[in-house]
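Note sheet for the following structure.
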Amino acid sequence: MISSNTLQNNTYLYTKLAAFYANCGRLGEARVIFDRIVLKNVFLWNSMIRGYACNGQCMKSLVLYREMMSFGQKPDNFTYPFVLKACGDLGVVEIGRRVHCEVVVCGFETDVYVGNCLLAMYSKFGEMDMVKMVFDRMPDRDLTSWNTMISGYVRNGEPKEAFLVFQMMGRTGLVADCATLLGLLSACVYMSSLKLGKAIHAYVVRNDLARVNGFLINSLIELYCSCNSMVAARQCFKEVTWKDTVSWNSLVSGYSKNADALESLRLFCQMVLEGVNLDQVTLVSVLGACYKITALQFSMSVHSYIIKQGFRAHSMVGTALIDSYSKCGDLACSRRVFYEMAEKTLVSWSAMVSGYGLHGMGREALSIFHDMMGIGITPDEGVFTSVLTACSHAGLVNEGKEIFHSMEKKYNVQPRLAHFSCLIDLLGRAGYLDEAYEFIKAMEIKPTCDMWASLLSASRLHKNVELAELSAQRVFEMNPKGVGSYVCLSNLYASENRWDDVEKVRALVRRKGLQKPPGFSFTELDKVVHRFLVGDKSHEQKDAIYDKLNELSQRLKEVGHKPDTSSVFYDVEEEVKEKMLWDHSERLAIAFALINTGPGAVIRITKNLRICADCHTVSKLISKLMCREIVMRDIRRFHHFKDGLCSCGDYW
């Protein structure tokens with residue numbers, strides 16, 4: 001057009017060309033042409049406003065809208081939807097309300113398209129009362145109106161209201177479309193409602209909707225993963241003919257969250273082999289799976305992939321690396337990633353504080369907490385949870401109490417349930433049981449199950465039977481299916497040789513149909529993770545492992561070790577108790593690592609339960625006898641065993 005001089009003095013063609021560029025997201029070229037046009041019609045203004053609003057430049061969209069008004073050009077029903085979208089995306093509530101007033105004055109409030117955009121805007125503001133008011137005043141509603149209401153309630157944490165709206169919609173004779181079902185599936189995920197989700201899945205299958213909308217099958221995978229129904233999730237995944245990155249990510253994340261980190265890592269490897277495009281979500285999910293089984297070597301391989309593929313600059317991926325390395329037991333790598341990050345977010349600082357706390361380095365956690373504030377970053381609820389947990393792991397009672405009481409006064413952060421739980425855990429672990437109990441009684445909010453569980457655990461640790469029984473009763477009432485609290489009370493009775501009470505608790509567990517999770521440990525060798533159960537005889541190297549255990553047992557006896565059988569909560573002979581201790585999963589993992597790694601190599605182990613007193617002592621002695629460092633993560637924290645000592649100072 002330029003070379004043939006077609007554009008010369010052709011306002012109509014210029015307008016169409018500007019609109020074309022704007023609709024394609026090429027706002028630079030569109031603006032150049034837009035500025036050349038003297039007589040701008042409403043179509044041109046609308047095209048530019050829409051272009052900016054739909055391409056992440058919402059402020060420019062609003063500025064252009066004001067310029068349009070100042071030039072005397074009247075907006076129409078095609079202008080306001082995109083102005084309202086820009087207001088909603090920016091979260092500018094006052095400007096949004098002003099534009100709403102202008103909509104009313106201009107008489108466009110009854111336009112269903114404009115009305116739907118008002119619903120969407122107020123939903124983004126979180127003002128569901130206004131959404132309902134606008135919806136009730138709409139003379140005409142289409143399916144989009146109802147879908148916007150459903151998604152709005154889900155977005156703002158009211159999934160049950162979303163289903164009520166859906167029921168009302170059904171009474172009007174409208175039939176749900178894919179957008180409706182996506183909103184309802186999100187509501188099911190929010191409520192972890194497997195039953196409702198299956199009903200929607202059945203509707204999708206009956207109407208063959210998954211074939212025409214790939215988002216539906218991805219939402220179903222996410223639903224089943226959130227409800228810990230991984231067999232159904234995997235079946236949905238298999239049925240997808242064209243799997244996108246979201247499909248893979250949902251499954252990788254689902255296995256990671258639902259205690260099958262090994263499968264999560266296998267899927268990640270399959271993604272790489274099949275050439276699937278990996279994104280930040282994939283990498284964050286797989287790093288989360290790595291730390292659950294202390295797969296340090298695998299984490300390092302993922303780190304290498306991140307650098308090669310150019311994801312290093314992403315703060316979300318960097319933060320996941322910090323978290324993964326610290327939870328895999330390598331705090332040095334965590335620190336290196338942290339200090340190499342170009343942009344450290346609040347979450348990055350929080351991850352570093354949490355990492356130090358997990359390794360029992362409370363002073364270092366406090367130091368980095370103060371460094372963060374020193375550069376002007378204001379701590380939020382998450383950071384306070386991390387630093388209070390760090391104080392708890394290190395027994396820093398005074399420091400933890402001071403931080404807790406400064407939250408509201410100094411930082412204007414209202415303590416939440418998690419912070420109250422942290423303080424109770426801090427006091428309980430340190431032996432201040434009466435103070436912890438009085439704190440619970442004096443709280444203005446109702447104590448949660450976790451708070452009573454923390455007090456129960458502390459009472460067991462310090463052998464306060466009376467307080468343990470009181471705490472256990474509260475936990476049983478609030479969470480009758482939580483087997484951990486029954487086990488905790490039973491173990492306390494066993495340590496006091498109250499075997500009749502032990503049998504009563506165990507009978508109660510059997511009557512309720514509850515099962516204690518089996519103890520198991522992981523260790524990684526050449527990027528392959530090996531899992532050991534208590535008394536495991538299934539490993540291909542079982543003979544060598546048990547020979548090594550016998551050798552270690554003999555050597556420990558020679559240096560004067562006498563097994564602490566107080567950790568065996570069964571009324572059996574002392575000799576049997578000693579044998580049961582040597583069947584513990586972490587000892588099998590240590591023996592396996594000693595057989596298969598060279599002298600001086602660090603042994604890294606993860607277990608799903610708290611390490612018992614005798615295993616803790618044995619690990620210290622093995623570290624000295626074999627001249628090995630053993631890094632072990634139990635359900636509470638990390639233990640670094642070296643030269644016969646543990647980093648926890650026997651406080652865990």
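Residue positions begin at 1 at the first shown residue.
Including glycine, each Cβ sits where the backbone N, Cα and C put it.
Residues or ranges marked as repeat 'PPR' by TrEMBL: 41-75 (among others). Using DSSP to sort the residues of the repeat 'PPR' (41-75) gives these counts of helix, strand and coil: 26 helix, 0 strand, 9 coil.
Within its own chain, the repeat 'PPR' (142-176) is flanked in space by residues 112, 115-116, 119-120, 122-124, 126, 128, 131-132, 135, 182-184, 186-188, 190-191, 196, 203, which lie at least six positions past its ends and keep a Cβ under 8 Å from the stretch. Summarising the annotation, TrEMBL assigns repeat 'PPR' to 142-176 (among others).
Across the repeat 'PPR' (244-278), mean pLDDT in this model comes to 90. Annotated repeat 'PPR' per TrEMBL: 244-278 (among others), in sequence order.
Across the range of the repeat 'PPR' (345-379), the DSSP-based residue counts are 26 helix, 0 strand, 9 coil. What TrEMBL records for 345-379 (among others) is repeat 'PPR'.
Residues annotated as domain 'PROP1-like PPR' in TrEMBL: 363-459.
The annotation domain 'DYW' is assigned in TrEMBL to 560-652. Sorting the domain 'DYW' (560-652) by DSSP state (H, G, I as helix; E, B as strand; all else coil) yields 36 helix, 16 strand, 41 coil.
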> Which residues, given as numbers and ranges, are at least 6 beyond the ends of the repeat 'PPR' (41-75) yet have a Cβ under 8 Å from it?
Replying inline: 15, 18-19, 21-23, 25, 27, 30-31, 34, 82-83, 85-87, 89-90, 92, 95, 102, 106
> Would you list the DSSP helix, strand and coil counts for the residues of the repeat 'PPR' (142-176)?
Replying inline: 26 helix, 0 strand, 9 coil
